[in-house]
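Taken from Swiss-Prot, the feature signal peptide covers 1-20. Residues or ranges marked as active site by Swiss-Prot on the basis of sequence analysis: D25, D114, E116. Marked as compositional bias 'Low complexity' by Swiss-Prot: 219-472. According to Swiss-Prot, the N-linked glycosylation site annotation covers N423, N428, N437, N446, N468.
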Amino acid sequence: MNKLILSILSVLLIVSIASAGNGIDISSGTNPSSSDLACLAKQNSKIIVQTWSGGYGFNSNVPSIVQAAKSAGLSVDLYAFLCSQCSGITDPAEAIKTLVSKLNGVKYGTLWIDVEQCNGCWSSTLSSNAQYVQTAVQTASQLGVNVGVYSSEGEWPQTVGSLTSLSSFPLWYAHYDNNPSFSDQGYNFGGWSKAVMKQYQGTTTQCGVSVDLNWFPGSGSSTTSSSATSSSTTGRPLTSSSGAGTGGHSSSSGAGTGGHSSTTGGQTSGQTSGQTSGSSNQPLSSGSSQDSSNSGSSNQPLSSGSSQDSSNSGSSNQPLSSGSSQTSGQTSGSSNQPLSSGSSQDSGSNSGSQGTTGSQSGSSSSNPLTSGSQSGSSGSQSTSSGSQSGSSGATGTSSTASSTSATGSSSTGSSTGSSSGSNDSGSNDSGSSSGSNNSGSSSGSNNSGSSSGSASSSGSSGSSGSGNYTSGSGNGAFLF
């Protein structure tokens, strides 16, 4: 009898494992080829594609990606990051109507409304944000679209407060615990008591494509497909982001939450914005380490990395992109604070004697960091840099920076370096700096000693872009 029971349990376990599904989500800055999708289909049964980015609007690559994904054997869902303070179409009902119109004839499973934080994206009044999100979801439902919500335990209350009226819609949540299951119960927010999909890992790479990883129970092969003109039976890929590190698209709080987002061209973990090495509920996108900011404000959810710093000044709706250094909103430990801004920011890869500018929190080891203020600990490296800011397309100069040495020694010398980075869709922010270190002092937490030096820097920075962009929830995320 005992052997029979064990045999039955074994069969049930095997069936359960076999019926579970793997999915990936990609940001609007990612445009995989047919061969990429064929490769991805060997490891996944679903793909969720970002179709709308903040104030930038529709991702024109969606129709061709959907067609190629279906040909590769993948079921397709879409996600949209909308925000009340983004440029472009600011009315949520109008944005949804425009999106649905552009998706006319495109068959997909579920349209996920991505709810996550990003710099300058939302009103400071939670009730206003809640009304915005409700209108977006309800408008999509009224238009006959299968609609769900993507968010995380940390992002939801930060954005819409105690809103519970949408709990009857499917939930895709983010919790970066690298555990493809619902055992974490990270879906207990907003009135939900269950979820349909979990984003359990932020930006990583499969088949050379930057993706977030998702898990859902069951085969996911029999959901109703939405299009503006017809319905048919097809698979519904489900998605989500946030958690003890959540990602798509932005900065963190709680055990850290965030949205999704990932792009191939130097994207953030996106997507917001890599994934966190500790707990973080912020959807962030790819990048092993992140310091960045546009010299324009960003309406995209920031992307993730193992360390995070981001800030924006000026105006720009572009989600920050990843590179060797990139925008992030996700902490490498647990953090309940939104990311802080530095006095100057450049994102992307850096060459020269110093690294990327921007303020950075967390710890870094043996890495020269450039920039405004720094907290945390650093290896036996000294850093110096000038601060830089500018509005989109503008040239400005700034001077004065502090340099720090973790060992208490001071250094003198001159250094030059240039940095450039690219946003998901458009133009790059770049700047150059040169200067000699003279004298001065700086201090940081967990650092001892003093260093002296002054630096001046001048350069131009700006960001512009049109077309497809990434968001944070971490579709961040994106899932941006």
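Our numbering is plain: 1 for the first residue shown, then up by one each step along the chain.
Keep in mind that glycine also has a Cβ here, set from the backbone N, Cα and C atoms.
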Quiz item: In terms of DSSP three-state secondary structure, what is the assignment for D114 (active site)?
Solution: strand
Quiz item: Over all shown protein chains, what is the count of other CB atoms within 10 A of the CB belonging to D114 (active site)?
Solution: 45
Exercise. Within 10 Å of each Cβ, count the other Cβ atoms and name the one among the active-site residues D25, E116 with the highest count.
Key: E116
Practice problem: Indicate whether D25 (active site) is helix, strand or coil by DSSP. | Solution: strand
